[in-house]
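Quick notes on the structure that follows.
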């Protein structure tokens, strides 16, 4: 179990728990505005912004990613320490500043909130657990030939 290493209670192995560790890689990187624009525009609510998204953060994103922005425009996933591999990503989730709804769900979901809180408060625990999780992911195996494909664009099947 990945999380026993950092003295958390054991979890059932699930994609949700493993993903919460591996998405910590989002502490570095960027995204095209089109990948999250539905969170900051056109959401069906009074303020038209996704309800788990921090309103001030949403306004900040809207300045960088206006509705008709150039599709090549990008924004940092971690708006605080975008060039450092650290636990700021988890601190952002605690504040409703997860750029992607899938990331923010790791804090809003009661099954993984404790993991987010631990990693937000303990960078060493995050780093050690990330190494274990990414090592396990690396052992999954690569699909070759007709079993898999190398995507030309990562978000779309060729």
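Just so you know, glycine gets a Cβ as well, placed from its N, Cα and C.
Around the Cβ of residue 26 (heme b binding site), the same chain contributes 77, 78, 89, 99, 100, 103, each under 8 angstroms and 6 or more positions distant in sequence. Sequence annotations record features per position, and here TrEMBL assigns heme b binding site to 26.
The feature Ca(2+) binding site is assigned by TrEMBL to 27, 78, 81, 86. Neighbour list (residue 81 (Ca(2+) binding site), Cβ cut-off 8 Å, at least 6 residues apart, same chain): 27, 88.
If you take the C-beta of residue 65 (disulfide bond) and look for same-chain residues 6 or more apart in sequence within under 8 angstroms, you find 33, 37, 40, 73, 75. Per TrEMBL, disulfide bond is recorded for 33-65.
Annotated domain 'Plant heme peroxidase family profile' per TrEMBL: 20-158, in sequence order.
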Only counting partners 6 or more residues apart, tell me which same-chain residues put their Cβ under 8 Å from the Cβ of residue 86 (Ca(2+) binding site).
27, 123, 126
Within 8 Å of the Cβ centroid of the Ca(2+) site residues 27, 78, 81, 86, which other residues of the same chain have their Cβ?
28, 80, 82, 83, 84, 85, 87, 88, 89
